[in-house]
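Okay, so here's the structure we're looking at.
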Amino acid sequence: MTSQDMTNRDLAGQELQPEQAPSTPLEGFAPVSEGSASRSAAKRTWRNSRWWISMAVALFLILPIALNNYQVHILDLVVLYMILAIGLDLTMGYCGQMNLAHAAFYAVGAYTSAILTTRFHFTFWEALPISIVFSTACGILIGLPSLKVRSHYLAIATLGLAIAINDMLVNLNGLTGGPTGITGIPKPHVFGVALDSEYLYYYLVLTFTVLLFLLAKIITTHSIGRSFRAVREDHIASQALGINIAKQQILAFALSGMYAGVAGVLYAHMLSYVSPDTFQMNEMFFMLTIVVIGGMGNIYGSIAGAVILIVAREWLNQFQNWQQVVYGALIVALVVFLPGGLVSIKTLFQHRKRSQLYRVK
Amino acid sequence: MNPHVTILLQSLIGGIGMGSIYALVALGYSMVYRSMGLVNFAHGNIFMVGAYIGTVFYVSMHTNFVLAFALALLLTAGLGMIVQKILRPLEKMDLIYMMLGTLGIGIVLQNLSIIIWGPDGIAVPFPINNTPWMVKGISIAPYTLVIVGVAALIVIALQLFLNRTKIGLAMRASAQERDMSLALGMNVGLMNGLTLAIGSALAACAGMLVGPVFYVSPDMSTSVGINGFAAAILGGFGSMPGAIVGGLVFGILEQLVATQVSAWSEVIAFVIFVVVLIFKPSGIVGERVVDKL
């Protein structure tokens, strides 16, 4: 059991696995491109986590039965924010790029689909790929400064461009409806069935979440994820290993754009309404909180963060401004006392267990 | 006079006025970064709280503007000391944790001030007669000159304090060489606290000065906080001359765009900002920073 736990933790990206971490530079070349050792390691960890993942999916599948309409709406949001958080984690946690434009990608996805379906009478399934292309392109565009600037410089560059995009949504009155937004976005049809209740729509969002989660898992366990982490840890060393840093950074931003785009489309059709208020900076910082509180560089952390923070936000809503005060204080406390995020609780215990063993010996 | 030149001069004057405000805010960011290595995202909220404190004395309690100004500076400096105590564990962490921690403090400050002072803004009367002077078709608001004058005085006083007094020198030393200063027996923690206090006082000063121009409201923290941060980055983060130059350049840039196409000023200002950053990644007067990642 303990060995299984440990492999899970390693998979989660806290540390490189022994097979994945090249001990000598010569060895390092092969696994980064395509190595049999790393492939078998990935297969093994996949087998270990497969059971847990299917249990979680089954739980999420049957969960709506026990809930009322409002609770299902919250559940919709939880599942939606998982997509957003995983997307943000790929750039920020795995690749180490400061990306404060995630909410803007979300907005681009939502607005593209909203405009296409209401103004040009596209169906949901036609608008979806176009919106994803737009938000991915937007991700690549905003990722361009990452080739030249780093850390807080990159943070303000992406934040500035995100503010610019939000301003455009307000100013392009004819297309986006200005500050009032767009109403009457149609609900999607699946095999002729209109998904017009929260219950039915939930399964659509869940499907996308599971697919995108699996994609993220494949990306992070295989060579792309390893080069992401290499770029995060050390630019010069990863360059020396032959990793094209520029390509990885742009890819990370493109992925972030894609994930947020999908979430945006789903959001727009869920509420049938979009307005620029939804995609303000507060939203960006909320996503950031989910990722960091959950645990950076760990997709399971993003998922746990989304569940806990969305539920907490809805519950605290009744206290109005005091809610925000508590929320802010909580963030400070968590960042100060648990910087590894919620996923680090497990390693905390493991560490204690191991050190006790050591003492016994 | 040529109408283009008139517009140019007009926006130049407005830009220098607003730019002085940004410069004061940017100085706060840069000083704190220099001493603690901390990017303080709560700075915009401290700016707003400072503006509110000054306004409460000036408008509600009818004290003298100068006295209200001094009180706002002192009290906000105290707030800065408290914030530094809370943020001390974040000092050596990654940028993202600092960012989230300081954002958390910002959220607390923002909502506490909404609870205390309400969500609506307070209108502040001008402390001097603000009828614009017309000089060859250019209107100059006297209060703009007050802003520029006071900001310049504050910056000069700060320079003198940092270069001529013992405490100022100790603050610079502990910012430059943390371990060496500790070894020499300096109280580095206190010096960092003082730096954050001075940074907060600078923000309060900016807030107090800008109060009569805008409304004093909880929303003012976001735009000025972000523009001030952008100004600090534009000049070169962590550099004091950089903060002043960046503030003025950003203010003038914003005004120039605003006189042409008012609705798009933010978009164009930030796009230009990013382009400048791409060609000059360490800011206008910033030194080459070692790539720390």
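Backbone N, Cα and C atoms are what each Cβ position is placed from, and that goes for glycine too.
The feature transmembrane segment is assigned by TrEMBL to B:6-29 (among others). Sequence-distant contacts of the transmembrane segment (B:6-29) (same chain, six or more residues past either end, CB-CB distance under 8 Å): 39-40, 43-44, 46-47, 136-141, 144, 147-148, 151-152, 154-155, 158, 198-200, 202-203, 205-206, 209-210, 224-225, 227-229, 231-232, 235, 237, 240, 243-244, 246-256, 258-259.
Per TrEMBL, the feature transmembrane segment maps to B:41-59 (among others).
Remote same-chain partners of the transmembrane segment (B:65-83), defined as residues 6 or more beyond its termini with a Cβ less than 8 Å from a stretch Cβ, comprise 40, 42, 46, 49-51, 53-55, 57-58, 105, 127, 193-194, 196-201, 203-205, 207-208. As annotated by TrEMBL, transmembrane segment applies to B:65-83 (among others).
Marked as transmembrane segment by TrEMBL: B:95-118 (among others). Outside the transmembrane segment (B:95-118) by six or more residues, the chain places 38-46, 48-49, 52, 56, 83, 86-87, 218, 221 with a CB less than 8 A from a CB of the stretch.
With a threshold of 8 Å between CB atoms, the same-chain residues lying at least 6 positions outside the transmembrane segment (B:138-162) that come near it are 6, 9-10, 13-14, 16-17, 20-21, 23-24, 27, 126-132, 168-169, 171-172, 198, 202, 205-206, 209-210, 212-213, 240, 244. If you look up TrEMBL, you'll see B:138-162 (among others) marked as transmembrane segment.
If you look up TrEMBL, you'll see B:182-209 (among others) marked as transmembrane segment.
Taken from TrEMBL, the feature transmembrane segment applies to B:229-249 (among others). A Cβ distance under 8 Å defines the sequence-distant neighbours of the transmembrane segment (B:229-249), meaning residues of its chain 6+ beyond its ends; these are 15-16, 19-27, 29-31, 33-34, 41, 43-44, 155, 159, 270, 273, 276-277, 282-287.
The transmembrane segment annotation in TrEMBL covers B:261-279 (among others).
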Long-range Cβ contacts under 8 Å made by the transmembrane segment (B:261-279), restricted to residues 6 or more beyond its ends, are 230, 233-234, 250, 253-254
